[in-house]
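Structure, as structure tokens:
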Amino acid sequence: MALHEYRRYGRQMVLDGIGLSGQLKLKKSSVLVVGAGGLGCPAIQYLAAAGVGTLGIVDHDVVELSNLQRQILHSDTTIGLPKAESAKAASERLQPMIKVVSHACSLNAANARAILSKYDIILDCTDNLPTRYLLSDTAVLVGKPLVSGAALKFDGQLCVYNLGNTGPCYRCIFPKPPKRDGEGTCEEVGVLGVVTGVIGTLQAMEAIKIITGLRDEQPSLLIFSALSSPSFRTMKLRSRRPDCPGCGGDPSTRDRFVNEQDYVSFCGGEAPNLEETGKVNIGGRIKPNALSESLKGTSPTVIDVRSPTEFSICHLPGSTNVPLSVLKREPTAHISQIGDTFVVCRLGNDSQTAANILRSVSSDPSKVFDLIGGLRAWSKEVDPMFPIY
Ligand SMILES: Nc1ncnc2c1ncn2[C@@H]1O[C@H](COP(=O)(O)OP(=O)(O)OP(=O)(O)O)[C@@H](O)[C@H]1O
């Protein structure tokens with residue numbers, strides 16, 4: 001190591017358990033961060049600063065303004081750029097001596113094995129179940145530990161899977177996709193930036209512990225709840241399931257298992273368009289411009305089914321806030337039996353559900369409409385100044 005490296009890393013090299021040998025292990029190591037979003041940004045930042053020799057960054061998305069509240073490697077000047085490139089440039093500014101490889105592509109069953117096999121440790125910093133299962137199955141296949149993080153609202157989770165090629169995999173703990181209990185994604189229900197910062201930073205910590213040998217082999221799940229006291233809890237994890245299709249049984253069949261999996265349908269597929277599935281038999285869906293026309297000169301009932309917090313940030317003039325949970329309990333209280341009823345939400349999913357409930361109690365279901373694409377589409381197509389996020 002050169003003199004400037006001793007100076008740069010001196011504060012961590014003096015720590016028992018790291019020292020010169022630990023720093024050299026970090027320098028020789030390679031870590032793949034899948035997802036350069038809320039979790040990936042802080043993880044990449046600390047891994048780069050700590051001197052991990054090679055960092056790979058996978059992301060298929062581009063930077064948007066709504067990412068900047070938590071995706072701290074990106075900035076106003078990188079809006080529109082691929083996140084993998086934006087994060088690579090930021091980490092190279094932070095630590096010019098390491099090698100950073102950007103993979104600006106979607107990780108899928110066709111490329112996962114080739115990409116993961118080039119790295120020592122994998123960090124799952126993604127936000128969807130199909131990718132979580134794919135990463136877990138592939139990490140087992142290529143024999144790499146998987147440091148998995150998740151964050152939603154004020155809560156987060158952290159777990160290391162396939163540790164030492166003997167620890168449980170994600171599929172051992174969640175043989176079936178975990179139910180969300182009505183929760184949505186970060187995009188739908190929100191997340192505090194600090195929460196992704198806490199979990200992403202802990203993912204970097206776990207990777208550093210594995211590289212330097214500071215980690216014990218006892219698998220546990222860490223649960224973080226920012227609004228609870230204590231905020232951190234750990235749960236001991238069960239060991240591998242002998243019948244787990246991801247890590248149990250004959251290793252020679254695992255490759256075929258990954259290739260044959262349809263990860264998206266295993267996890268329930270995309271949110272269905274109720275109209276296309278035939279579950280909406282009467283009534284209509286309305287586009288933003290058509291709703292804008294319908295609101296002129298008349299005063300129809302407009303129901304906004306988002307939460308009171310979201311409603312207080314912005315709403316359509318004359319709309320009434322009836323959160324979906326309230327509407328489900330007492331639908332008849334909120335339906336106009338005379339004129340049209342328009343139902344809106346942020347992205348157009350909850351309003352479809354709400355409109356269907358209202359149609360089922362309406363004397364004229366054809367007068368109930370839900371806004372396609374929600375208020376997000378309204379801000380794009382009708383009112384660019386509408387402050388939806
Ligand atoms: N299969 C995948 N391949 C590549 N990148 C992925 C994959 N799945 C998820 N990601 C990336 O993981 C990141 C998850 O981070 P996060 O949820 O904070 O970001 P986001 O999707 O931009 O957020 P928002 O929900 O606000 O739009 C995203 O940048 C997303 O593009």
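Placement of Cβ uses the backbone N, Cα and C atoms for every residue, glycine included.
Just so you know, TrEMBL annotations never went through curation; they're auto-generated.
Because the structure is a prediction, the values reported are computed rather than measured.
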Revision key, fill the gap. Out of Gly38, Gly149, Gly156, TrEMBL lists as part of the ATP site with Asp59, Ser66, Asn67, Leu68, Gln69, Arg70, Lys83, Asp127, Asn128 the residue Gly38
Practice item. Count, for each of the binding-site residues Leu68, Cys172, Cys247, the other C-beta atoms lying within 10 angstroms of its own C-beta, and report the residue with the smallest count. Key: Leu68
Practice item. Any same-chain residues 6+ apart from Arg70 (ATP binding site) with CB under 8 Å of its CB? Would you list them in sequence order, or say none? Key: Gly37, Gly38, Cys41, Val191, Leu192, Gly193, Thr196, Gly197
Exercise for review: Scan Gly38, Asp127, Cys186, Cys247 for recorded positions whose C-beta lands under 6 Å from an atom of ligand 1 and note them, or write none.
Suggested key: Gly38, Asp127, Cys186
Review point. By a simple count, how many Cβ atoms lie within 10 Å of the Cβ of Cys169 (Zn(2+) binding site), its own Cβ left out?
Key: 25
Check your understanding: Mean pLDDT over the domain 'Rhodanese' (296-387): what is the value?
Key -> 88
Exercise for review: Find the shortest Cα-Cα separation between Cys186 (active site, glycyl thioester intermediate) and the binding-site residues Ser66, Asp127, Cys169, Cys172, Cys244, and name the residue that gives it.
Suggested key: Asp127
Practice item. Sort out for me which one of Cys186, Cys244, Cys345 has the most neighbouring CB atoms within 10 A, since those are the recorded positions we care about. Key: Cys345
